[in-house]
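Features of the protein shown, as given by TrEMBL:
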type    : residues                                                                       : note
BINDING : GLY74, SER75, GLY76, LYS77, GLY78, THR79, ARG187, GLY230                       : ATP binding site
BINDING : ARG100, ARG121, ILE122, VAL123, GLY148, PHE149, PRO150, ARG151, ARG191, ARG202 : ribonucleoside 5'-phosphate binding site
BINDING : ASN155                                                                         : CMP binding site
Amino acid sequence: MWRRRLGALLLRSPPSSSSTAASSLQHRRHHLLPTQEPLALNRLARLFTSQAGSDGDGGHSQKPFIAFVLGGPGSGKGTQCTKIASDFGFAHLSAGDLLRHEIASGSEKGELILDIIKQGRIVPSEITVELIRKAMEMSNANKVLIDGFPRCEENRVAFERIVGTEPDIVIFFDCPEDEMVKRLLGRNQGRVDDNIETIKKRLKVFESLNIPVVDYYSSRGKVHKINATGTADEIFEAVRRIFSSLRF
């Protein structure tokens with residue numbers, strides 16, 4: 001059923017302006033893209049929806065335990081996800097890694113995603129979520145960590161609509177801005193975006209887009225906030241206490 005809804009959302013023609021709901025959707029689409037949607041985006045939408053029914057199990061698999069792991073750039077969430085996955089048997093998924101893997105694969109989907117990114121456009125939430133959904137199914141895991149996603153409220157809504165569920169738990173690594181800046185400047189990964197000006201911009205984007213997601217799930221009693229200062233081992237002790245208390 002969700003596949004038909006995804007197809008309808010991405011592929012239907014813009015309805016008349018007399019519909020309030022349609023006006024809202026049209027406004028959202030124009031927020032993401034100019035008035036003329038690029039051919040690559042239309043082709044990518046068709047490719048995802050045409051293959052969505054052929055890679056799953058018919059929707060009969062048991063829902064896995066889902067943990068969102070959120071935190072600002074440099075908060076250490078990636079390091080902690082590796083430890084959680086190792087100690088507690090979670091599959092570790094990253095939206096950014098999935099997009100990069102699809103591009104690197106040389107597939108038609110990957111080429112079209114790259115084309116969208118090269119045009120300076122945002123890859124629509126529905127496409128990113130579909131990659132996550134497929135990776136969850138392929139992992140066949142009963143416990144899944146989703147690292148650094150959702151990045152904004154639009155991501156959150158798309159995930160819940162397409163996957164059909166909320167996360168069971170949200171881990172938020174709360175790290176002071178000056179500590180995140182110090183970590184990002186100190187790491188030697190050769191990233192061109194690890195300079196002070198770009199880092200400050202990234203932190204502002206995180207504050208404006210990601211914090212509302214944390215606030216939403218806090219209101220639903222799902223957020224466990226962790227003080228992300230100290231050594232990686234010290235931080236993981238707090239993480240371990242949370243996951244050791246859970247019933248999967």
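The backbone N, Cα and C atoms fix where each Cβ goes, glycine too.
TrEMBL labels come from automatic prediction, so no person has curated them.
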Pairwise CA distance, PRO150 (ribonucleoside 5'-phosphate binding site) versus LYS77 (ATP binding site), rounded so that it is a whole Å: 14
Binding-site residues: GLY74, GLY78, PRO150, GLY230 - member with fewest neighbouring CB atoms within 10 Å: GLY230
Between ILE122 (ribonucleoside 5'-phosphate binding site) and GLY74 (ATP binding site), the C-alpha gap once rounded to whole angstrom: 22
Extent of the ATP binding site in Å [max Cα distance among GLY74, SER75, GLY76, LYS77, GLY78, THR79, ARG187, GLY230]: 16
Per-residue Cβ crowding (10 Å cut-off), top of binding-site residues SER75, ASN155: SER75
Minimum Cα separation from GLY78 (ATP binding site), reported as the residue among binding-site residues ARG100, GLY148, ASN155 that achieves it: GLY148
Candidate binding-site residues ARG100, GLY148, ASN155, pick with smallest Cα gap to GLY74 (ATP binding site): GLY148
Nearest recorded site to GLY230 (ATP binding site) by CA-CA distance, among binding-site residues ARG100, GLY148, ASN155: GLY148
Least Cβ-crowded entry, counting other Cβ within 10 Å, from the binding-site residues listed as LYS77, ARG100, ARG187: ARG187
Among ARG100, GLY148, ASN155, which are recorded as binding-site residues, the nearest neighbour of SER75 (ATP binding site) by Cα: GLY148
Distance [Cα-Cα, Å, rounded] between GLY76 (ATP binding site) and GLY148 (ribonucleoside 5'-phosphate binding site): 11
Candidate nearest ARG187 (ATP binding site) in space, where candidates are the binding-site residues ARG100, GLY148, ASN155 and distance is Cα-Cα: GLY148
